[in-house]
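K.L.:
This structure is in structure tokens; I'll ask about it shortly.
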Amino acid sequence: MALSCANRPQLIRSSQKDEQFQGSLRGQAHEVCQAFAGAKKWLQWRKEIELFFDLAYYCLTTFSGYQTLGEEYVNIVQVDSSKRKVPSLFQRAALICCHTLLPYLLDKEFVRLEHELHIETDGVRLSHSGLSSGSHRRSWMWKRVHRKIAALSEQQKKTLIKAVYIVRQSIAFLRRLHLAIFYMNGAFYHLAKRFTGINYLRVRRSAGDDQIVNRSYTLLGAVSLFHLLLLLWVQLNSFQQRQEAQQKWKLLRRMSYQRAPPHEKSYKRRAKCTLCLEVRRHCTATPCGHLFCWECIMEWCNTKAECPLCREKCSAQKLVYLRHYR
């Protein structure tokens, strides 16, 4: 019996069903860990526990040569790029690593790198889930990274922070671009399957008309691609405007008075910015009410859209410059 390629609705439903079962496993793990270890330990090791259950799910299904529950639900099977035989053991292992382990490692290492850079640049210790600044053990690699970061200049550290932010945003952009391409040609729903060359064949023919379904998904892909390009243009335009605003601000700051009036000295001595640890100049308020220098909080929000003190979400557009603030 000749098997045809799985269509886009089958691939999407299969992935959604797998995510549903994985979410159920994570929920049960949440209850068990909270019952035996407490909420604090669960929050500390939440990502690692979820990774363990995701790996267990795919090792018991894909790695062992069986269908996942989602694949079984829509009657599709994995095949290699030739579409004549099942993927090899190496391909299945690579698929599991790229789909579960690699995103976890990238996210963890990028967060840790940002953590190190912000500590060195601003002197502010950031509390983040899974990262306690005083308790996590440094590996030999991160000791070397820490020494390299400490040897950088302040400008180099700020540039590296922006580079890390751009890389993380680029990964998210790549995922959305890949999803739009999937809607248009329907080959690979996940990036990991594209990298490993794993396709799907359906065991039995679907009842619907594939041509009508494909046309609707192609239209959805075109709309998604247009929206993504529009979003990219807006981001680039916003970045250019921020760069111009920073240049104007630096020029204005050089032209401003170097010494505050006498009646402000006693107050200004107490009003210091917690980012630069200097006298707060051109006070700017976040939506949560904390005050910083305009330049300091603008640079912070351009790399991390949250308040440095209370971690509340805060974009650069929501900052309020306080004129004539005493």
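The backbone N, Cα and C atoms fix where each Cβ goes, and this holds for glycine too.
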K.L.:
Do Swiss-Prot's topology records have Arg84 and Arg147 sharing one side of the membrane?
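P.N.:
Result: no, Arg84 and Arg147 do not share a side in Swiss-Prot.
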K.L.:
Using DSSP, would you call Cys293 (Zn(2+) 1 binding site) helix, strand or coil?
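P.N.:
Reduced to three states, the DSSP call for Cys293 (Zn(2+) 1 binding site) is strand.
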K.L.:
Ranking the binding-site residues Cys273, Cys293, Cys296, Cys307, Cys310 by other Cβ atoms within 10 Å, which is at the bottom?
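P.N.:
It is Cys310 that, of the binding-site residues Cys273, Cys293, Cys296, Cys307, Cys310, has the fewest other Cβ atoms within 10 Å.
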K.L.:
Within 10 Å of the Cβ of Cys288 (Zn(2+) 2 binding site), how many other Cβ atoms can be counted across all chains shown?
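P.N.:
Its Cβ has 14 other Cβ atoms within 10 Å.
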K.L.:
For the transmembrane segment (39-60), what are the same-chain contacts with Cβ under 8 Å, counting residues 6+ beyond its ends?
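P.N.:
Contacts of the transmembrane segment (39-60) (Cβ under 8 Å, skipping residues fewer than 6 from its ends): 18, 21-22, 25-26, 29-30, 33, 66, 68, 96, 99-101, 104, 108, 129-130, 132.
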K.L.:
Report, as numbers and ranges, every residue of the chain located at least six residues beyond the topological domain 'Peroxisomal matrix' (61-89) whose Cβ falls under 8 Å of a Cβ in that stretch; write 'none' if there are none.
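P.N.:
Contacts with the topological domain 'Peroxisomal matrix' (61-89): 3, 5-6, 10-11, 13-19, 21, 95-96, 196-204.
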K.L.:
Please give me the CB contact count at 10 A for Cys276 (Zn(2+) 1 binding site), counting all chains in the structure.
P.N.:
16
K.L.:
Which sequence positions outside the topological domain 'Peroxisomal matrix' (186-216), separated from its termini by at least 6 residues, show Cβ-Cβ distances below 8 Å to it?
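P.N.:
Answer is 3-12, 14-15, 71, 74-81, 83, 87, 91, 94-95, 98-99, 102, 174-175, 178-179.
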